[in-house]
Amino acid sequence: MALRFEVLARFNRARAARMTLPHFVCETPLFMPVGTQGTIKGLTTSQLEEIGCQIILGNTYHLALRPTSELIDELGGLHKFMNWSRALLTDSGGFQMVSLLHLADITENGVTFQSPVDGNPMLLTPEESIQIQNRIGADIIMALDDVVKTTTTGPRIEEAMYRTIRWIDRCIAAHQRPGEQNLFAIVQGGLDPVLRDICVKALTERNLPGYAIGGLAGGEDKDSFWRVVAQCTAALPEDKPRYVMGVGYPLDIVVCSALGADMYDCVYPTRTARFGTALVPEGVLKLKHKAMAEDIRPIDPTCACMVCRTYSRAYIHALVTKDAMGSQLLSYHNLYYMLQLSRDLHNSIIQGRFPEYVLVYSFLPPSPKRLFSLSFMLLC
């Protein structure tokens with residue numbers, strides 16, 4: 001095992017921890033930007049270090065297609081390939097069973113994709129997924145799981161959950177670098193509490209370095225989403241990191257952290273930036289609106305990022321409709337916002353003021369959704 005996880009402070013189920021990985025010592029709760037093909041669109045690795053990024057997520061499926069894991073391995077691994085000295089996490093390729101379902105055929109052996117690059121078939125088995133990730137060399141690698149949308153009903157949910165359990169043993173057997181890379185298992189089971197319990201119990205018996213909660217953020221209502229997170233975090237080991245996959249809305253991260261989760265990832269901050277939208281404490285700010293054309297204020301007067309210290313809303317408005325620089329500046333700001341949220345959560349737990357922080361966050365602005373989230377956290 002190449003991971004040490006130390007809980008530094010708690011408030012009820014919320015916890016602030018130090019997670020030591022081969023390439024970096026991280027503080028949780030933490031948000032991981034998604035660099036699908038070894039890059040965050042529009043940002044350099046120096047800029048990511050500047051804003052406090054601790055872990056970047058890479059996509060196994062896409063990296064295997066291009067530039068290929070063999071080339072990355074030949075060039076010294078993904079850290080050297082992308083010039084990133086801090087931690088990396090690679091997913092297993094399982095999510096593409098949902099996002100590229102029209103190109104995928106799922107069997108007990110694995111999943112066969114039709115390559116979006118050249119149209120050729122690509123068989124991704126649990127063994128192949130781990131072998132690809134071993135070559136890429138990330139600090140944390142994910143087991144291949146059978147992923148279905150949470151809005152799916154019927155026997156497919158149970159089938160996917162039991163297949164995920166069977167596949168974890170194949171992933172463990174294929175893992176050749178346990179002293180350098182940490183294999184995380186992924187809890188499946190849809191919105192069914194019985195299936196989630198079965199999966200958690202089976203996976204924790206394998207005593208892996210960490211665990212993820214998968215199959216969420218796929219269209220289910222917030223109440224169901226948070227209740228699955230609450231159930232899984234309560235059952236997962238206290239001394240291992242807990243990763244809620246695909247979660248990137250700030251409010252969800254606050255709620256999930258209150259429920260005992262530690263790690264999150266999502267394309268939301270950078271994807272929404274490319275549509276001209278900034279994250280602010282009140283929610284979102286749409287820089288394409290005409291009202292921004294003569295607004296000389298920064299995106300967020302309370303934000304200390306380079307963009308807010310340097311540029312006005314009017315300037316960015318002029319860019320987002322015509323120039324790629326606009327989306328780059330917004331991506332920088334949005335990721336800074338998410339990473340600062342992570343730091344604020346960590347520090348509020350360490351300093352014993354997590355309830356006050358949640359109260360301030362939940363009431364800015366006052367809305368039914370935020371008030372419900374506060375009530376939910378207090379009840380749990």
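Backbone N, Cα and C atoms are what each Cβ position is placed from, and that goes for glycine too.
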65-69, 150-154, 270-274 - the one TrEMBL records as region 'RNA binding': 270-274
Which range of 57-63, 246-252, 288-294 is region 'RNA binding', per TrEMBL: 246-252
Residues that sit under 8 angstroms from PHE95 (substrate binding site) by C-beta distance, when 6+ apart in the chain: VAL147, MET245, GLY246
Distant-in-sequence neighbours of the region 'RNA binding' (246-252), which means Cβ under 8 A and at least six residues beyond its ends: 31, 95, 214, 216-218, 222, 225-226, 264-269, 279, 337-338, 341, 361, 369-370, 373
Recorded substrate binding residues, ASP91, SER92, GLY93, GLY94, PHE95, ASP145, GLN188, GLY215 - maximal Cα separation rounded to whole Å: 15
CYS308 (Zn(2+) binding site) and SER92 (substrate binding site), distance between Cα atoms, whole Å: 36
